[in-house]
Amino acid sequence: MSRIETDSLGPVEVPEDAYWGAQTQRSLINFAIGKERMPLAVLHALALIKKAAARVNDRNGDLPADIARLIEQAADEVLDGQHDDQFPLVVWQTGSGTQSNMNVNEVIAGRANELAGKGRGGKAPVHPNDHVNRSQSSNDCFPTAMHIAAAQAVHEKLLPAVTELSSGLAELSMRHHKLVKTGRTHMMDATPITFGQEVSAFVAQLDYAQRAIRATLPAVCELAQGGTAVGTGLNAPQGFAEAIAAELAALSGLPFITAPNKFAALAGHEPLTSLAGALKTLAVALMKIANDLRLLGSGPRAGLAEVRLPANEPGSSIMPGKVNPTQCEALSMLACQVLGNDAAIGFAASQGHLQLNVFKPVIIHNLLQSIELLADGCRNFQQHCVAGIEPDAEQMAAHLERGLMLVTALNPHIGYDKAAEIAKKAYSEGTTLREAALALKYLTNEQFDQWVRPENMLAPGGKG
């Protein structure tokens, strides 16, 4: 069953049970591309904008109070997720996001008209353009929704997840702050370090990434709304930009303000590319953490085997008993995806030709995917990997005992050249450092015990 809806191009058949109208239906017909739906976070942000605009237009006397109330009621239902099935459009549409903006306008108008007792859909008493989109353009609504959705996702999902992982790693670091092991540079044995110190680097990297993300948020909270079609604010009343930003801040609890330059807010997306860059920083840190833990857990008998990673599942369909570092692999893969998304976002953001960037949907699609992947990845990695990590103290001690770089502690006492000779002799003859040093008669057994003490090699000023 269907009904007829109309737009400036004429009549269109729309499913009878749909709240959307002609423009949404045309997009479904003309852009049957891929399966990537416009993110619900963007559509909910658009609904929030419609609610805020209705309130501001009502206060300004630009919208009848009864129409404003109907719009707000319908928008609240959208925000509550009651009509998520009414947003079928894909990312691959007009680059301004106009079709998704109209999808939201039509759904809110269609539901508002039903609430008014006039049946589902239609344009009376609530019109999708004249009322729901009053004082707005897709060109300022969509970038505003992009910023709202990104800011909400970072605040509500990403930052708590990064904090959870960072806290878990900090606890692991503190628990093993005295456990001495072999450090490694260039993938080769180096001077000693504690396992706690090693893990503390992970914590610091995550903290830096988190600070980088937070630093981008003030610009993300600057909104394009009020710029309308090209940034001039045509058809928006004086003060509308400031009023709707304040309304959106009150509704969301986030510090949204009006963007100081609406022309840049429509044509450029530097705040979002900055956020994407900070997400890349986090992805790079996560890749390093995952790779290090994967290396330290390699084995169990023919690798480093210095840490035991939790076994989440059997690791092989052919090798019985094999367990793989699957959490590390999943985290590494999502980090790769985030790096790729950053590249796509950067290219799309560079396409702001003249007064409007028309690559907006692909920017926000990739950005929100990165935020979601990083948030889910951090939380999952903490719960299913980090929380169950146990170092193998015996293996660490064995590697430390066999290591040759403890010879570095002898540099201040016998000089670099003699210390290097000891290490070379021990390596070539398969002996210990002690045996090589005594054979060369460069020091006594007592001096070796006094000077080669790993626990004294862990901080500035430390020496044997």
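Glycine too: its Cβ is placed from the backbone N, Cα and C atoms.
Around the Cβ of PRO128 (substrate binding site), the same chain contributes GLY21, MET102, ASN105, GLU106, ILE108, ALA109, GLY110, each under 8 angstroms and 6 or more positions distant in sequence. The annotation substrate binding site is assigned in Swiss-Prot to 96-98, 127-130, 137-139, THR185, SER317, 322-324 on the grounds of sequence analysis.
Here HIS186 (active site, proton donor/acceptor) comes close to no residue that lies at least six apart in sequence on the same chain with a C-beta under 8 angstroms from its C-beta. A coil conformation is recorded for HIS186 (active site, proton donor/acceptor) in the three-state DSSP classification, outside any helix or strand. Look at Swiss-Prot and you will find HIS186 tagged as active site, proton donor/acceptor.
Positions annotated as active site by Swiss-Prot: SER316.
All chains included, 13 other C-beta atoms sit within 10 angstroms of the C-beta of GLU329 (site 'Important for catalytic activity'). Look at Swiss-Prot and you will find GLU329 tagged as site 'Important for catalytic activity'.
When other Cβ atoms within 10 Å of the Cβ of SER138 (substrate binding site) are tallied across all protein chains shown, the result is 23. For the recorded site, LYS322 (substrate binding site), the DSSP three-state label reads coil. DSSP assigns THR98 (substrate binding site) to a helical segment in the three-state reduction. All protein chains considered, the CB of THR185 (substrate binding site) has 9 other CB atoms within 10 Å.
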